[in-house]
Amino acid sequence: MASMAAAIAASRSAVMSGNRPLDDRERKRFTYFSSLSPMARKIMQDKEKIREKYGPEWARLPPAQQDEIIDRCLVGPRAPAAAADAGDVRDPARFPGLRGPTGQKLVRFGDEDITWQDEHSAPFSWETRSQMEFSISSLSIQEPSAATVTSDARSLAKAPQGTQGSKPAQSSRSSSLDALGPARKEEEAPFWKINAERSREGPEAEFQSLTPSQIKSMEKGEKVLPACYRQEPTTKDREAKPVPQEQQTLPSVSAEQEVPQPVQAPASLLPKATPTESPEKPPPPAVQRDEDDDALFSEPALAQISSSNVLLKTGFDFLDNW
């Protein structure tokens, strides 16, 4: 309201001081634009000063000349000169865009001769041009000509039979590799089934503790006895194992017996015995053989005792290393 009152007061003062009174339309225009903002009020006051400066001649001037006088008085002569000296200001460097025509359709506007090219009418595809132009046929091996076929046939005829026999073997190997895929899946199916049964806990679990060898036997369809029904190796089996080792030790003993004994010199040539201590005699071969047998019998028993305390491995490294 304060700005409106100030605009009305300014318009009244301008009318009172002017050479000619403002009509009703000019007064409303001045009041409206002066009430918009302080900058607009300042512009309207400057225009009134210019009009007062020219006096009664202002009304006789054409509107274009009035606008030119207002621009020259408000802006000043320096601003157009500075703009002219700047020359052609080029567009700043920005990201390059596609400047060519992208559309394939001409749009006509009604009956008038107005046409423009629709930039959104190009064919759309999720693939790029290089992907659409790519084809496997360009990478395929071209078929050899008849001359090359005949030369290959001649070279094969000259080649030895060994090389000809190796080619069917390679083809059979490739066919076996191709057939390995479904067979591998059929082998893995019972394995995962058994593994799922092992993961079940409680009395419902059928396979509470299985070793990798038992899993393999179950995959083959064989029945596996629980750990409680498995028999421990008897003492006869333990005695049967070191027999080959004992046979290996016997030739060494016989070789020692075959070594020729040194010929004893006559007693007259031997020096007199001194009271020094006699060297220790090696034990007879029979006693040494018994000790070796005891050591051989004791080693498997210790190995079995130590293996019973070790937890069985599952065969999966990522589970055993936890």
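The backbone N, Cα and C atoms fix where each Cβ goes, and this holds for glycine too.
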Range annotated as region 'Disordered' - as stated in Swiss-Prot, picked from 81-104, 105-128: 81-104
Just to confirm what the record says: which one of Ser130, Ser145, Ser254 has phosphoserine annotated in Swiss-Prot? Ser130
Can you tell which of the modified residues (Ser37, Ser130) has the fewest other C-beta atoms within 10 angstroms of its C-beta? Ser130
DSSP on Ser130 (phosphoserine), three-state: which is it? helix
Would you mind reading off the Cα separation of Ser130 (phosphoserine) from Ser37 (phosphoserine), to the nearest angstrom? 60
